Amino acid sequence: MDLEEPGLTAPLLVPARAAADEAGGSGDGDGAGAGAGAADAPLQQQREGRRRGAHWLAIAVILTTDMVGIGTLGLPADFARLGWLPALACLALFIAGGVYSGSVYQRLALRVPRAVVFDEIGSEAMGKLGRALVFGTIYLGILTEPCIFHLMTVESLRQALSHIDLSRPAAHAIVVALILPLAQVHHLEDVAWVAIFGTAAMILAIGIVVAKLAATYLAASAAGAAGAAALAAAAAAASAPGAPLLPQPSAAWLRRPPRALAAVAAPGGAAPAAGRAATEWVASGSFYAAMVGVVDIAFSFGGQINWMRYITDIGDRSKFSRAVTLTEAIMGSLYLLTGVVGYAALGKDMDVRSPISSVLPFDGWMAAANAGVFLHCLVAYQVMVNVWSSSLLHIASSRSGSASTESGSGGASGAGGGAHDGGARRRLVWLCVTCGCVAFSTAAVWAFPFFSEMMGIIASLGDIMSMFGLPCIFAVRLLKLGRAETALCWALAALAVALSGAGLVSSAQQLAEALGGGGGGVRR
């Protein structure tokens with residue numbers, strides 16, 4: 001059975017191998033010079049029906065829209081888990097690691113020009129072991145990633161409709177009803193225009209959130225001791241049932257403080273010595289809480305699982321690292337702004353298990369912000385269901401061998417009815433796999449509705465290893481590196497393994513604590 005239909009493409013998987021092989025083989029009839037030129041050309045130039053290659057600036061734009069997402073909403077909580085110094089150090093580490101990772105991915109792609117998915121790089125570097133490492137880390141992370149988008153789609157929908165108090169089961173039902181038809185769109189190019197609006201909506205939502213956080217900080221600074229209690233009271237009033245959806249004309253909408261400021265007041269209702277929220281240079285919480293903050297920041301810089309797709313789309317592979325460097329600069333600036341402003345405004349006592357869009361009090365502006373988050377997450381959820389399903393079929397196809405592919409091509413050359421039946425069968429398989437993905441995500445989110453801990457588990461399973469763990473290991477095997485860079489690669493690989501292991505254990509511990517009544521999480 002031909003499970004992996006060429007039309008079922010995804011960012012990670014570009015199964016146009018047959019077309020590429022035919023293009024590469026056709027060079028034999030044009031002479032040795034033409035054949036050598038075809039072998040050295042970027043892979044996308046060998047495919048029929050695909051553009052000859054995008055400019056590196058265009059790839060930088062695509063990278064930015066792909067990688068900037070819901071991780072941004074957890075950054076203030078990450079600062080609260082870590083404190084100023086460790087959080088800033090983690091931002092610097094992952095920015096630098098991302099830039100270096102772009103260079104490594106570029107050189108690996110040039111070294112193995114026929115590779116279109118990362119497990120092929122692993123196979124070239126270490127044979128079956130390298131392929132197994134990719135499947136056991138990056139693909140495992142992919143299989144859990146739809147859960148975080150299901151969680152955020154449900155939560156942002158409930159927050160956007162907070163004035164009608166949408167129940168949790170109803171929100172899940174609405175999301176499932178929306179995502180299942182969307183998941184049947186096999187070609188991601190067909191929803192590219194929707195993704196653009198989703199990205200724009202996410203940027204607008206982040207802008208609203210950052211503006212409200214900044215105004216909250218300024219208002220708390222100006223209020224002083226006497227005003228802190230009033231700000232806390234205003235926060236409770238803004239979040240109370242029956243509060244108006246839109247701010248009153250005479251009210252300064254940005255200065256409606258979040259619920260978290262209520263925690264600033266001392267026990268017994270006494271006002272604190274100053275209006276600003278308390279922060280720490282190094283957080284005094286547990287090691288497990290701090291490690292969740294570290295891997296959550298890593299999640300914010302994740303997305304390397306899709307880089308092989310973008311490398312095959314760029315016109316000059318030797319310029320891919322430029323696109324990555326520009327993307328990391330943009331992401332680093334945005335993340336620094338969000339984390340610093342959010343932590344300064346809310347302090348160490350904020351709810352670290354919820355996205356910042358759920359912590360700020362509900363009003364018309366936050367309804368708009370959460371609507372933007374909802375649109376972005378719905379589109380991202382569709383993409384991840386596509387990646388999840390394609391990855392699962394890719395694994396199944398790899399296990400079944402090439403016989404299924406041959407039978408599929410034979411069916412295409414037969415009668416029209418047989419081809420139609422084969423297409424219907426593949427669509428039925430796709431429907432079943434996507435339903436399984438949505439059912440798995442729904443069940444996981446229902447059982448574990450904790451944003452920060454779920455991000456930590458996903459990052460520990462795949463994002464950190466795909467950032468600079470496996471690429472560095474494969475670089476040592478495939479590239480001619482100097483002694484200093486070889487030592488750097490081994491150090492980064494060891495760091496990635498240590499962070500992934502510690503992050504997975506810590507996320508599981510914090511998840512167990514939350515389930516035991518530790519508080520936080522999305523509204524049940």
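Any Cβ shown, glycine's included, is placed from N, Cα and C.
Given the structure is predicted, the values throughout are model-derived calculations rather than measurements.
For reference, TrEMBL has these:
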type: REGION; residues: 20-45; note: region 'Disordered'
type: COMPBIAS; residues: 24-36; note: compositional bias 'Gly residues'
type: DOMAIN; residues: 54-214; note: domain 'Amino acid transporter transmembrane'
type: TRANSMEM; residues: 56-77; note: transmembrane segment
type: TRANSMEM; residues: 83-105; note: transmembrane segment
type: TRANSMEM; residues: 191-210; note: transmembrane segment
type: TRANSMEM; residues: 217-240; note: transmembrane segment
type: TRANSMEM; residues: 281-302; note: transmembrane segment
type: DOMAIN; residues: 291-498; note: domain 'Amino acid transporter transmembrane'
type: TRANSMEM; residues: 323-345; note: transmembrane segment
type: TRANSMEM; residues: 365-389; note: transmembrane segment
type: TRANSMEM; residues: 428-448; note: transmembrane segment
type: TRANSMEM; residues: 454-476; note: transmembrane segment
type: TRANSMEM; residues: 488-508; note: transmembrane segment
Long-range environment of the transmembrane segment (281-302) - Cβ separation under 8 angstroms, sequence gap at least 6: 67, 71-72, 74-75, 77-87, 90-91, 94-95, 97-98, 328, 331, 335, 348, 352, 452-453, 455-456, 458-460, 462-464, 466-467, 499-500, 502-503, 505-507, 509-510, 513
Highest-contact recorded stretch vs the transmembrane segment (56-77), from 83-105, 191-210, 454-476, 488-508, CB pairs under 8 Å: 191-210
Considering the transmembrane segment (323-345), which listed stretch of 83-105, 191-210, 428-448 counts the most C-beta pairs under 8 Å: 83-105
Chain residues outside the transmembrane segment (454-476) and at least six past its termini with a C-beta under 8 angstroms from it: 71, 74, 94, 97-98, 100-101, 104-105, 107-108, 118, 121-122, 124-126, 130, 133-134, 137-142, 144-145, 147-148, 151, 291-292, 295-296, 298-299, 301-305, 444-445, 448, 486, 488-490, 492-493, 495-497, 499-501, 503-504, 506-508, 510-511
